[in-house]
Amino acid sequence: MLSVRIPLAPITNPQQLQLSPLKGLSLVDKENTPPALSGARVLASKTARRIFQEPAEPKTKAAAPGVEDEPLLRENPRRFVIFPIEYHDIWQMYKKAEASFWTAEEVDLSKDIQHWESLKPEERYFISHVLAFFAASDGIVNENLVERFSQEVQITEARCFYGFQIAMENIHSEMYSLLIDTYIKDPKEREFLFNAIETMPCVEKKADWALRWIGDKEATYGERVVAFAAVEGIFFSGSFASIFWLKKRGLMPGLTFSNELISRDEGLHCDFACLMFKHLVHKPSEERVREIIINAVRVEQEFLTEALPVKLIGMNCTLMKQYIEFVADRLMLELGFSKVFRVENPFDFMENISLEGKTNFFEKRVGEYQRMGVMSSPTENSFTLDADF
C-alpha cells in the first residue's frame, strides 16, 4: 500500500516558531571552540568567581603575543579529528593514562577503620587535614584544565590527555572525599574538612597560590604549565610522602593503596606538563622558572613543617624540607634546567615513588593495575597460525 504524504499545515501563529529546539541556540563556548570565540562564562565555583573578574561588557582582545608562533596554541582546523597522529610522544602519554584507569570502588577500606581508631589523636588530625587539602586541590587542578589549558591548546593529542586527566582528577577527588566520609563520623567535622579552602588558612594559602595562576591573564602558557607542574609535582609530594610513611609502618592499607594509585597518576600528569613545556617554541627563561619553583617549594615547606607539621606523625621536619627540595630539583631537570638545591633524597622509602619526571610506576605496575591491551600495538593482539613454537 502506497503511503500518502500530507502537506504541512501553514504556520498561522508566530509563537509556533519558538518551539524549535534550535531557536536561539548558540554554538559559542562549546567544546573544541577556540578561546577567542568564547562568550561570557558561568563559573562553576565560588573560588573561581573570586579569581575571575570578567568585565561587564566583553571586549575583543588581540591574540596574546607569540600565540601564532606556538604550534601547540595556534588555531588548528583539524582539532576535531584524532587521526593521523602528529605528536606521537604526546599521544603515548595519553595511552599511558588510559591504560591506568581505575575507580574509587576498587579500593578496599574495610580494614582502615580499626587502624584509624588505634591512631593517636595528633596522627588522626594530620591525616584528616592532608585529605582535606587533597580533596580540594584536585578540583582546583580541574578548574585550570577546564578554564584555561583545554581551551588554549589546539592540538588534538594534548586535548585527549587533558580530557582524560579531568576524569582522573574527579576520581581522585571522589577517593579523598570517600576517605574523609569513611574515617570522620562527626558531621560538623566532616563539613569542616570538605570546606577546607574556606575553613583552613593553611589549605587556603596553597589554594590561593594555584588559583592566582588560573586567573593571571598576563602569564604565558609556558609559565602556567610550570606553575601547575609545581602544584602536582611539589604541592602534592610532601603529603604523598607522609602517607607512604604510614605504609612503612604498616598502617591504613586502604589509604596507602589509594595513595599509590593517585601518586602514580600525578607523576604522569607532572611528566605530561614537562613534555608540553618541551614542545613550546617560546619558553620562559630559566630564571623565571626557578622563581616559580622556589616559590612553590617555600609554600609547601611552610605547609608541612609549620602549618601542619609532619612531626605529628613522627616524621622529621628538617628531612621533609630537604625532600621537597629534592623533588623540586628533579622537576627542574625534567624541564630541561639545572638543579636549584642540589640535595639528596632523605627518605629511602620514597626512592622509587618520588615524582621524578620519568615515572617508573608503569615499569613496576604499582598496585598491579593496567588496562589489558591498551598499551599494546594492533599486531600484538592478532591471531596467527604461523607462530614459532
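Cβ atoms here come from the backbone N, Cα and C positions, even for glycine.
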From candidates Glu198, Glu232, Glu300, Glu302, Swiss-Prot puts in the same Fe cation 2 site as Glu169, Glu266, His269 the residue Glu232
Which of Asp138, Asp186, Asp208 shares the Fe cation 1 site with Glu169, His172 per Swiss-Prot?
Asp138
Between Asp138 (Fe cation 1 binding site) and Glu232 (Fe cation 2 binding site), how many Å separate their Cα atoms?
9
C-alpha spacing of His269 (Fe cation 2 binding site) relative to His172 (Fe cation 1 binding site), in angstrom
13
Whose Cβ lies within 8 Å of the mean position of the Cβ atoms of Asp138, Glu169, His172, the Fe cation 1 site, other than those residues?
Ser137, Gly139, Val141, Asn142, Met168, Asn170, Ile171, Ser173, Tyr176, Ile262
Other than its own, how many Cβ atoms are within 10 Å of the Cβ belonging to Tyr176 (active site)?
26
Excluding its own, the Cβ atoms lying within 10 Å of the Cβ of Glu266 (Fe cation 2 binding site) add up to 25
Cα separation, Glu169 (Fe cation 1 binding site) to Tyr176 (active site) (Å, whole number):
11
Whole-number Å distance separating the Cα atoms of Glu232 (Fe cation 2 binding site) and Glu169 (Fe cation 1 binding site) is 11
